[in-house]
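As structure tokens, the structure follows; a few thoughts come after it.
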Amino acid sequence: MLPALALLAAATINLNQLGFRPGDPKQAIVAAPTPAPLDWQILDATGTVVLRGRTTAGTDDAVSGDRVHIATFDTLTRPGAYRLRAAGVESGTFQVAPTLYAPLARNALAVFYHQRAGTPIEARYVGARWARPAGHAPEIAACFAGKDEAGTVWPGCPTKRDVTGGWYDAGDHGKYVVNAGISAWTLQNLYETGFARRLFADGQARLPESGNGRDDLLNEARWEVEWMLKMQVPPATRMALPIGPQPKSTPLTLTPVDAGGMAFHKVADARWTTIPTAPADDRQPRVLYPPSTAATLNLAAVAAQAARLWRTTDPAFAARCLAAARQAWTAAVRNPDIRAATAFTGSGGYGDDNLADERAWAAAELFATTGEATYRAALSDGPATVPGWADVATLGTITLAVADGVPTKIRDNARARIVTAADGFLAEVPRSGYRIPYASQKYDWGSNSNILNRAVLLGLAARFTGSARYRAGAVDAADYVLGRNPLGQSFVSGTGWKPLQNPHHRFWAHQVDAALPPPPPGVLSGGPNNTAMADPVAVKLKGRCAPQRCWADDINAYALNEMAINWNAPLVWVAAYLDAGGSAPTEKAN
Ligand code: 9MR
Ligand code: CA
């Protein structure tokens, strides 16, 4: 029976469900049991065949579990709506259009407004379906006091702090300085590259700040930066904190230190709330968790970056940011290895044992902003790697490569490291069944963001070299996230014929409560995860899915299908980059 079944297995056509810009590469993957090349046709909106060709021969791909055939149709450049037919099946309708990525970029940025804490989300910006009352407004939090899960007894702080604002991290209502850092940085970096100047010029996004004369992208990032500033510990505050590495799951040894200028690691609920819980209905006490060196360096980096970007348009804010960044840097010099305590319930850990990369990143931002020798001395010149919330050295490298006024030698060295990394990603494309710049079998928590962060580096390499090969790699990454994957799934809500519908989110919980909305358009799912299959849905898939298939569109699948600010940020970046068609305002000579 098996051969017959294999013959009956339907082919699937997987491609970017949004479509393609006319000048970009165009590929689809046909997954079909036959080894022989397959004929394909492209049909226009009237059903007329406008292009035909033949796929490559089928090859077996362990990462997808598919036998993959590649259809290439770069010559389809005339704008219009099309379908691809092969092996007796047809794809959904995709577009060829120059403006394809602008709505995606705008929707993906709007997600940050939806995630705002401490303010009502208004119908006039998001539509009645997604409007909601303010959550955690105001948010006055006390420091964690008492015994944590590991038995450490924390003394608490004498006063409560107002930490209203910022973005909720993800499907939960925690606000974490380390993840705020890479997320706000990514939006600010997109601004600094110039790729989004037109797209997010004042008035282009739907925000309360639209029309205030300032760039909308920078305004959205500022919402988070303002909150990060509130997370800074006042000068000369003595606190008992854990110094250096300490044994896990036994009580920490706490030592009184001057914590002034550090940043609290996070503010979050005392206990996990259930799904669904609208932000305004969260009744848990909000708790500030102990400062960490990682959070402190994230604050230093992002505030220094903001100081640079607001210098001419809001000098007072820029000065406030720079002062905070300098204080944070000094605090991290004084307290170089205070690791985030993670034995608390009710929120994510975001623990990190390597702080060298946070230090290098903060140094790069402060150096790019001030040019001072202290910061220059702390720069790192290691290889560029895929950034993530715990691995941020490359964010500094990117800043050295793009910021105005960085000395040419340092700038060019940073650019060369980024191009080398991009070359590595391009070399993975032919080794990957679905032809993406990532050939590993390892799909980590938030894998879609790793693939998009590769596209960020590829987009930068395209800019630095003028070579279209790198842009093609970024297109491959976007194609994957928008449907060219074995699930035929667009991992972005509101985008394509099979979009994300049920992310793990406490408010967009339509799947479990019909009164609540589905996700707004532009939300990115974390994506396949075969390394930490922790949630109840993932547990059932474990050991039974090819890496790229370890995913489900289910609200309970928090390890596979959550959304998060650090994942949506590179989606904004990549969509804006692709929309810009690789062009951006000519750079100033340094
Ligand atoms: O993105 C984080 C991932 O790298 C970790 O492996 C995972 C488990 O610790 O946590 C992820 O971050 C979550 C955070 O802890 C809480 N808010 C939701 C985040 C996304 O799932
Ligand atoms: Ca780190």
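Glycine is no exception: its Cβ is also placed from the backbone N, Cα and C atoms.
Automated prediction, rather than curation, is the source of TrEMBL annotations.
These features come from TrEMBL:
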type	residues	note
DOMAIN	11-91	domain 'Cellulase Ig-like'
DOMAIN	101-574	domain 'Glycoside hydrolase family 9'
ACT_SITE	H504	active site
ACT_SITE	D553	active site
ACT_SITE	E562	active site
Pairwise Cα distance for H504 (active site)/E562 (active site) [Å, integer]: 4
Sequence-distant neighbours of E562 (active site) in its chain (C-beta under 8 A, six or more apart): A170, G171, P503, H504, H505, S525, G526
Of H504, D553, E562, active-site residues neighbouring ligand 1, Cβ under 6 A: E562
Counts of helix, strand and coil residues, the domain 'Cellulase Ig-like' (11-91), according to DSSP: 0 helix, 41 strand, 40 coil
Among H504, D553, which are active-site residues, the residue with the most C-beta atoms within 10 angstroms of its C-beta: H504
